[in-house]
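Participant: Sharing a structure here in structure tokens format.
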Amino acid sequence: MSQDFYEILGVSRDASEDEIQEAYREKAREYHPDVSDDPDAEEKFKQAKKAKEVLTDEEKRQMYDQMGHERFEQAEKRGGAGGGGGRGGMGGDPFGGGAGGFDMQDIFDQFFGGGGRGGRGGSRRRQGQDLQTRLEIDLEEAYNGATKQLNVTRPEACDDCDGAGHPPGADSETCPECNGQGQTTQVQQTPMGRVQQRTTCRRCDGEGTLYDETCSTCRGNGVVQNDASLEVEIPSGIADGQTLRMEREGAPGENGGPNGDLLIEVQVRDHPDFERDGDSLQHQQAISFPQAVFGDTITVPTLDGEVEVDVPSGTQSGEVFRLEGKGMPRLRRRGHGDLYVQVQVVTPDSLNAEQKEALEQFAEAGGEEVDVDEGFFEKLKNSL
């Protein structure tokens with residue numbers, strides 16, 4: 001048996017939307033798969049997200065409270081999850097998003113045989129679609145955190161008609177197709193019996209009302225494409241491909257419903273000096289042959305400034321040094337990963353006579369066989 005949504009978020013049944021949102025944020029911080037060590041974190045995160053989506057939607061919450069948890073879950077399965085859309089691309093319209101999920105009124109009617117809430121279909125408050133876009137940042141910004149300006153073109157409610165799709169005071173009439181209900185009903189005879197299906201009225205598009213003129217600005221759509229400039233807070237430690245959510249910055253809702261959210265996929269640019277692996281960083285540092293033989297103190301760059309590293313005598317090319325705590329910050333957690341510095345002994349491409357003579361004497365005095373040293377990843381693994 002699945003858990004009650006109020007219990008999942010730890011709120012009372014009369015909790016306000018703000019209280020539910022705050023409870024969800026706390027659960028998200030605790031159980032987000034990127035930050036939690038709990039083996040069941042992903043499932044708990046999904047449960048909290050589902051609970052928030054239902055309890056912050058006025059219509060869904062009303063149905064949930066009326067039906068109870070188990071019957072609501074059954075009705076949802078029976079109704080299915082309608083809609084859905086692809087991801088937005090980098091060219092053209094940068095946004096994508098789902099159609100906003102299932103119609104709870106239809107599910108309620110199917111489950112109880114049409115005894116749901118009356119009124120026109122167009123009067124229901126619906127949350128707007130979530131929108132998706134991308135934002136590129138530097139590795140330094142991922143390390144330190146940053147405030148970025150994001151310019152987007154997104155659908156917004158038309159100011160001229162206040163999102164209604166028709167001018168104020170336009171003459172109207174009840175839609176004769178659906179008799180003002182916003183939905184039409186079709187009955188089909190199947191081997192299992194008669195099946196009743198309700199669909200949005202095509203003639204009035206679910207409004208239940210026909211108007212003699214449409215808004216010239218939005219052409220009756222109720223929304224227009226506008227440019228918006230948003231400030232995005234980039235948390236330190238964010239990784240390439242992770243998504244930030246800006247609540248209520250998505251597409252406008254219908255009939256006074258809340259806006260959807262804006263989902264921002266973060267893309268971290270490659271860095272010339274560092275390669276990232278989770279919370280760890282890798283850096284290759286060139287040293288000279290004498291430094292490798294006799295040892296030296298070298299200066300190594302980090303994302304937090306330069307540090308000095310002692311290279312012991314006899315260091316081999318490809319050897320890895322671990323600088324604890326010099327890697328990436330752990331997202332929404334304390335501490336940093338490590339920086340792994342792989343030294344590469346540089347072979348000189350030109351020698352003067354004195355250098356050649358010294359090396360020849362060195363070679364004659366040696367006589368030892370040289371083994372091929374283990375690779376970078378083997379050294380990295382063995383250093384852990």
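Just so you know, glycine gets a Cβ as well, placed from its N, Cα and C.
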Participant: If Swiss-Prot is the reference, give me the range from 29-60, 221-252 marked as region 'Disordered'.
Facilitator: 29-60
Participant: Near the Cβ of CYS204 (Zn(2+) 2 binding site), how many other Cβ atoms are there if near means within 10 Å?
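Facilitator: Other Cβ atoms found within 10 Å: 24.
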Participant: Cβ-Cβ under 8 Å from CYS215 (Zn(2+) 1 binding site), same chain, 6 or more residues apart: which ones?
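Facilitator: Set apart from CYS215 (Zn(2+) 1 binding site) by at least 6 residues yet with Cβ under 8 Å, we have CYS158, ASP160, CYS161, ALA164, GLY165, HIS166, PRO167, GLY222.
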Participant: Can you tell me how many other Cβ atoms are located within 10 Å of the Cβ belonging to CYS218 (Zn(2+) 1 binding site)?
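Facilitator: Total other Cβ atoms inside 10 Å, all chains included: 22.
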Participant: Tally of helix, strand and coil residues over the repeat 'CXXCXGXG motif' (175-182) according to DSSP?
Facilitator: 0 helix, 0 strand, 8 coil
Participant: Are there residues at least six beyond either end of the repeat 'CXXCXGXG motif' (215-222) with Cβ under 8 Å to its Cβ atoms? List them, or say none.
Facilitator: 157-161, 163-167
Participant: I'm trying to understand the geometry here, so how far is the Cα atom of CYS204 (Zn(2+) 2 binding site) from the Cα atom of CYS218 (Zn(2+) 1 binding site), in Å to the nearest whole number?
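Facilitator: About 17 Å separates the two Cα atoms.
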Participant: DSSP-wise, what's the residue breakdown of the repeat 'CXXCXGXG motif' (201-208) into helix, strand and coil?
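Facilitator: DSSP classes over the repeat 'CXXCXGXG motif' (201-208) add up to 0 helix, 0 strand, 8 coil.
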